[in-house]
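S.K.: A single structure is presented below for examination.
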Amino acid sequence: MKILVGYKRVVDYNVRIQVKPDGSGVVTDGVKLSPNPFDDIALEEALRLRDKGIATEVVVATIAPADAQPHLRNGLAMGANRAIHVVADGPVQPLTAARALLKLVEKEQPQLVLLGKQAIDDDANQTGQMLATLWGRPQATFASKLEVAGDKATVTREVDAGLETLEVDLPAVVTTDLRLNEPRFIKLPDIMKAKSKPLETIPFADLAVESGDHLTTGRHAPPPKRSKGVMVKDVAELVSALRAKGLV
Amino acid sequence: MTKILIVAEHLDGKLNSATARCVACAQAIAGAEIHVAVLADAPDAVAAQAAQLAGVAKVLSVANPANAHPIAQVLAPQVAKLAAGYTHVFGPSTTFGKDLMPCVAALLGVAQVSDVMAVDGAYAFKRPIYAGNAIVDVTAPEGQTVVATVRTASWPAVGTGGSAAVEAASVDAALPTHTRFVGLQQGKSDRPDLQSAPKVVSGGRAVGSAEGFKVIYSLADKLGAAVGASRAAVDAGYVPNELQVGQTGKIIAPELYIAVGISGAIQHLTGIKDAGTIVAINKDPEAPIFEIADFGLVGDLFTLLPDLEAAL
Ligand SMILES: Cc1cc2nc3c(=O)[nH]c(=O)nc-3n(C[C@H](O)[C@H](O)[C@H](O)COP(=O)(O)OP(=O)(O)OC[C@H]3O[C@@H](n4cnc5c(N)ncnc54)[C@H](O)[C@@H]3O)c2cc1C
Ligand SMILES: Nc1ncnc2c1ncn2[C@@H]1O[C@H](COP(=O)(O)O)[C@@H](O)[C@H]1O
């Protein structure tokens, strides 16, 4: 069984994002970029399925500008067999990403597609659902447990009410939540090995994806700031402050 | 004319308050006629509740045994069919809406606006990106259906008092059988619901164990508050996942939020930015949570919490 993993490069989750003074976007120059944390979890899950002998091949895919090659090498160093780099000039919106991933799905015929539940830059939380819909296949979003047996997968999902379990026929799209696993660390020799693993580049235009992005983004603004309040010296002072506000 | 269809969220025959928050968002679009769609195996009770929401003009009730559980790929083709004749289709940005609405958007071939926090016009919205560290203006193309999820913490729930007509709608859509509901393990608790409670007490890694969380539960009970947690506390298994507050957990806006032994990572703060009053209790005076807390108290939670409870 082949697994396709969506592997997006985003601003590292530790970076405190700044909005550009002219509101045209956020500052990304010189900012650390990393794999989307949910995509690292997706890749880890795929590798574990390969370790168990359930999967035979793990392919990481990204739609990103040309300078994203080291990012894909990172996925190969973590253990993916192959990488596909769809080279696009700028960022693509989720519907376009889903349409592009569908083209890769048609080409690669994976039994399982693992994506993150959300990319922590746009926080859209859409691509997996859109891909499953366009593909006409099942989706199980926000997975915290995944079991594959034969042509079915059983997925536990983190939903607002608790934990929901679904059974889906394969092929299917599964999106990962934080508690699915803890991604492994990359070892130095694997970085060397990754250099010789296959990395295919496809110009975005070659995929003939239906045209463009749909939402126009305008001004960016910093969020309203909460001002620092007061430090109280003890419980009594806290309680009287809360009483004064009618909160207790 | 602006006609907005809201997909109702419900569980065990009860309408979720997230739906009433979507109505408030829809009302922010001038002159909108607002309808609510209830998809269920037996939708009558939920449809009746939706009909009472202030501002709702009509409720479409879709009965189908296949709708007994909210399976996105089963609901989406029905919602996409119902969407004909509407300019907008809204759902809440809860796990239900996040799962479903992008499927509806994909079927309609349109983009989705996620997490609408403000409305600037029928096609112009504000939404948070980068864990809420930037707010961006987005415009959806006119002449296409706008599919959006509503950031529930940004909107108050509309009240009741409405009396919309309930109409049974039959939807002719092929429904897949490739996805089957196996079960739902619900955190059963008679405490207030985290997403709608006016008061929340949250514990972090510092609480140290499931046993340790007793002090959090006890204070919450005294206050009539819901209980929340940081990701670290959930990951460590002290409390179940549905209590996680933050970027990837629940985004909440209680009147009072008490963070106990939580450092204040950006991903956590994203979830509480809209809270009325934030209280932080932490033994580290440098903890980032104090930067946004209205009232900060430095000290050991295990001594302070019992004192606080006793003083209330
Ligand atoms: C993609 C991604 C998504 C994430 N999403 C979320 C999310 O949704 N929600 C979330 O919460 N986190 C999320 N995180 C994790 C986040 O970055 C932090 O790791 C997490 O919030 C830390 O939890 P904490 O504050 O409980 O633990 P810590 O950061 O370890 O803080 C513990 C605090 O307790 C204090 N303390 C220790 N002992 C005591 C005592 N006896 N009395 C009083 N205070 C004490 C310490 O001073 C410290 O400040 C996410 C991370 C990533 C990468
Ligand atoms: N440009 C992209 N390249 C690769 N994967 C992507 C891309 N955009 C989205 N994805 C996948 O879709 C998931 C959800 O993204 P989003 O819908 O943008 O929140 C991500 O975690 C990735 O797995």
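Just so you know, glycine gets a Cβ as well, placed from its N, Cα and C.
TrEMBL entries are annotated by machine, without manual review.
Feature table excerpt (TrEMBL):
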type: DOMAIN; residues: B:4-185; note: domain 'Electron transfer flavoprotein alpha/beta-subunit N-terminal'
type: BINDING; residues: B:Arg205, B:230-231, B:244-248, B:261-268, B:Asn282; note: FAD binding site
S.K.: Please classify the secondary structure at B:Ile262 (FAD binding site) using three-state DSSP.
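M.R.: It is coil.
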S.K.: Taking the Cβ of each of the binding-site residues and counting other Cβ atoms inside 10 Å, which one has the highest number: B:Ile262, B:Ala265?
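M.R.: Ranked by Cβ atoms within 10 Å, first place goes to B:Ile262.
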S.K.: When a 10 Å sphere is centred on the Cβ of B:Arg205 (FAD binding site), how many other Cβ atoms does it contain?
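M.R.: Within a 10 Å radius of the Cβ of B:Arg205 (FAD binding site) lie 17 other Cβ atoms.
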S.K.: Once near-sequence residues are set aside, which residues in the chain of B:His268 (FAD binding site), 6 or more away, have Cβ atoms under 8 Å from its Cβ?
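M.R.: B:Ser230, B:Arg231, B:Val245, B:Gly246, B:Gln247, B:Ala259, B:Ile262 - these are the non-local Cβ neighbours of B:His268 (FAD binding site), listed in sequence order.
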S.K.: Given the binding-site residues B:Gln244, B:Gln247, and counting only Cβ atoms in the protein chains shown, which has the most within 10 Å of its Cβ?
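M.R.: Result of the Cβ crowding comparison: B:Gln244.
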